[in-house]
Amino acid sequence: MTSATHIDFLSKRKLAFYFSGTLLLISIVSFFVKGLDLGIDFTGGSLYELHYNQAADLDKMRSTLEQQGFADANLQHFGSAADVLIRLKPVENISQKELSEKVLSVANSSQSQPGELRRVEFVGPQVGDDLVNDGGLALFFAFVGIMVYVSIRFEWKLSLSAIAALFHDSIITMGFFSVFGWEFDMTVLSAILALIGYSINDTIVVYDRIRETVRTSRIKESINEIVNTALNDTLSRTILTSLTVFLTLLALAFLGGKTIHGFAIAMLIGVVKGTYSSIYIASSLALSLGLSRDDLMPPAKDSVVDDMP
Amino acid sequence: MQNHFPVWKNILVIFVLLVGTIYALPNLYGNDPAVQLASSNPTPLQQSQADAVAASIKNAGFALKSFEFAEGKILARFNNTDDQMKAADMLREQMSGKATVALNLAPATPAWLRAFGANPMHLGLDLRGGVHFLLEVDMDSALKQAEERYTNDIRSAFRDAKVRYQSVSKESGGIKVVLPNEESRVAATEVLNKDFRALDLVESGPNEFTLNIPERNLREIKKAALGQNITTLRNRVNELGVAEPIIQQQGDSRIVVQLPGVQDTTRAKELLGTTATLEYRLVDVEHDVQSALGGHEPIGSRLYKDKNGAPVLLKRAVIVTGDQITDASSGLDQDGSPAVFITLDGVGAKKMGKMTQENIGKPMAVVFIEYKSETRVVNGEKVQHKEKVEKVISVATIRDSFSKRFQTTGLDSPEEARTLALLLRAGALAAPVEIVEERTVGPSLGQENIDQGMMSITAGFLLVVFFMVVYYRAFGLIANFALLFNVVLLISIMSVLQATLTLPGMAGIVLTVGMAVDANVLINERIREELRNGLSRQASIYVGYEKAFATILDSNVTHFIVAVLLFGFGTGPVKGFALVLMIGIATSVFTAVTGTRMLVNWFYGNDHRADKISI
């Protein structure tokens, strides 16, 4: 076996576990202390994006809204000083139709010229719960589906470690959103799901290589050596693919506009974590679980992968 | 060792590339601003009307790009949105009452592409602007209405069969039937077993029954209510004049309504959400209103309020209800006050004819009924707020008998008359609906989203292309062709499926571009490795592809599983993203493996030099 690199990944295993453990701990503590700044997709409420021809005076708009009973209105510039995003939690005792008319007139009354309403989103209290449930179910089934597939194609220790790596990726990515107080909306949730797809893809490539290396290795090589060789063999690919994905995500983050900025940021974090976890969580955890050569040796008759491309 | 594809494989790849290109092409042509006219009554537009419309557009000096008349619909394309808007305003006035006029963006696909059945993808509301509503159907009131219907039916069945009964009433636990004696109990049992077998019958006491709607029928009732609501909403939206609206069921009690291009959401909300209908009742002149106010409401009559809040005593028996109205139009009556002109169906006309004939000289009232349903948050609790607003809009003395056609006055404004006529025409909602989600995107934001989406796809693509060429040289170039082919295929499949492209969908394309080269990276790294291991270049290519393919398959299958789940559980924006991801994964395996292999075979398959390979 010749590899371009000979890095002893596994010797740094302990360090990696501490590192991941710390990040996980920070994330989880942050969930309890700060929580996630959930978007209106989940909490219900409404959102208005206004575009003015002049720079909008947020302070004035905020105080006017406050006087009119919208004390918890969340105002921010959106992309430029002329764009304003107003977010409201579900407001008591007012119909949605009245609400949007009132918010608009109040917001506009605070500025010298009325603005253009670019976007309205209203999510009723009964929808948010459904979205949380559906998102949770999607996550759950994604984990189960992957676990089953990896168990069948590989074996259970790898399967379990792969799932652990995915948990690690998604919790830490969400942790970033919690710690920095970024808004967690529907697009961020889909980014989490998408990065699970990305991360498992990465992990499977490494697993595939581990299995192959086991089958071609000499009997005296330890499983640790084998895993390390496999990691080295796939290292250039792991880095290259992460890089191309990272590049496209950078394009999305900088050019894709405000609406999918959250998505791009979550994916960017996720790609870095996913690459790291494929190496340090998915593989070394399997070793800690007692992965052995025998687990990956072909059964009596190996089914050859069917066709040539 | 040589690397060759059998002829059929080469042909397959080239064929797929060609077909893919043809079906992806329509997306390059963009859209024409257009005006669409459709008949507002059941008879479709005629050729003569189409000619008249074409002539009036030309006479007004608007340059037409093209004019199509097919299946009773007119599609007039313009060169710019300015002409489109002005022409639409003109036509709206001209065709008022005859046709609905809607602004549309018609795909500018050339005829030769349309001959292949090639059409561009739909653009989502976030890209073209418009409004999205999610409506929740109030199923409780649908069930309550069904129980009410059964209660009335049982009463009349008893009357027809001459069964004496003490009471038939709708209680919380079902419909309660109380009978005076054993004899009528037997007779009632017979009637109930014969005509109301669909209901569960329980003997709840001596001479007392409780009837329940069984679970299976409840589902039927809900399904019917949802179905009728969708039909009604579709009628109403057609009246609004929206091109390509989407009205779809979501789950078992919700309806999605998407109106591309609509900006006036207030009017749209009003039309979608209201459950307004009319009822015609006789005024009870035998009893005193004052004593009824004092709590002595006579049996068979009920107190209503008129528009000014004054009490009116009306008979409980309805002459005609809103669902017997087949047509309604608004206008002014002889005195110049706003009126709705009503046409009844056969049954309604017969009843109305009989009633008016028997009651000449007596007053009749028109009751306007509106259901409102709303969920509000009060003290942190979700409270469903339901209201049935009934008001008497007019009381008039029957001067002559009438049946099929007549007019109703007493409306506040021509606007109210128009809306009421529209609602009556479109039919009533079977159950009240409530808007539980709204998303409105202005047209300028839509265009901005398209531009930004396109920009990030292009930038992402160029970055990857550049990177691949620098790192892998010739093999990178080949991978780049495959990547382009992949995007073309992805877009063509989206177009053939007539899928909707959204902003998250564009994000999906960007991500697909980034991930699709993964297969090539795997293959190329493998080839490099085999070369390092000392294999010949032909063998390296062969082994590299073969070994990498197993990995590519495994990793893409797991990725695909995630994408399918994302599609299955996701809603709205997530679904659009997941669809692109799914298609992108499938096409990338084909292009990145089979597509590049073909090119590699062409360039290197016959080359026996063992030294030089550009990877």
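Glycine is no exception: its Cβ is also placed from the backbone N, Cα and C atoms.
Here TrEMBL flags A:115-289 as domain 'Protein export membrane protein SecD/SecF C-terminal'.
Nonlocal intrachain contacts for the transmembrane segment (A:15-33), taken as residues 6+ away from its ends with a CB within less than 8 angstroms of a stretch CB, comprise 168, 171-172, 174-176, 178-179, 276-277, 280-281, 284. The transmembrane segment annotation in TrEMBL covers A:15-33 (among others).
The transmembrane segment annotation in TrEMBL covers A:135-152 (among others).
Positions annotated as transmembrane segment by TrEMBL: A:159-182 (among others).
Counting residues 6+ beyond its ends, the transmembrane segment (A:188-207) has Cβ neighbours under 8 Å at 39, 135, 138-139, 142, 146, 150, 154, 158, 162, 165-166, 169-170, 173-174, 177, 182, 230-231, 234, 237-238, 241-242, 245, 262-264, 266-267, 270-271, 273-275, 277-279, 282-283 in the same chain. The annotation transmembrane segment is assigned in TrEMBL to A:188-207 (among others).
If you look at the transmembrane segment (A:239-257), the same-chain residues 6 or more away from its ends with a CB under 8 A from one of its CBs are 79, 198, 202, 263-265, 267-268, 271-272, 274-275. Summarising the annotation, TrEMBL assigns transmembrane segment to A:239-257 (among others).
As annotated by TrEMBL, transmembrane segment applies to A:263-291 (among others).
Long-range neighbours of the transmembrane segment (A:263-291) within the same chain, counting only residues 6 or more positions beyond its ends whose Cβ lies under 8 Å from a Cβ of the stretch, are 9-10, 12-13, 16-17, 20, 157-158, 160-162, 164-166, 168-170, 172-173, 176-177, 182, 187-188, 190-192, 194-195, 198-199, 202-203, 205-207, 210, 223-224, 227, 230-231, 235, 238-239, 242, 245-246, 249-250, 252-253, 256. Residues 20, 23-24, 26-28, 30-31, 34-37, 139, 143, 146-147, 150-151, 188, 191-192, 195-196, 199-200, 203-204, 207, 262, 265-266, 269-270, 273-274, 277-278, 281-283, 285-286, 289 of the same chain lie 6 or more positions beyond the ends of the transmembrane segment (A:159-182) yet place their CB under 8 Å from a CB of it.
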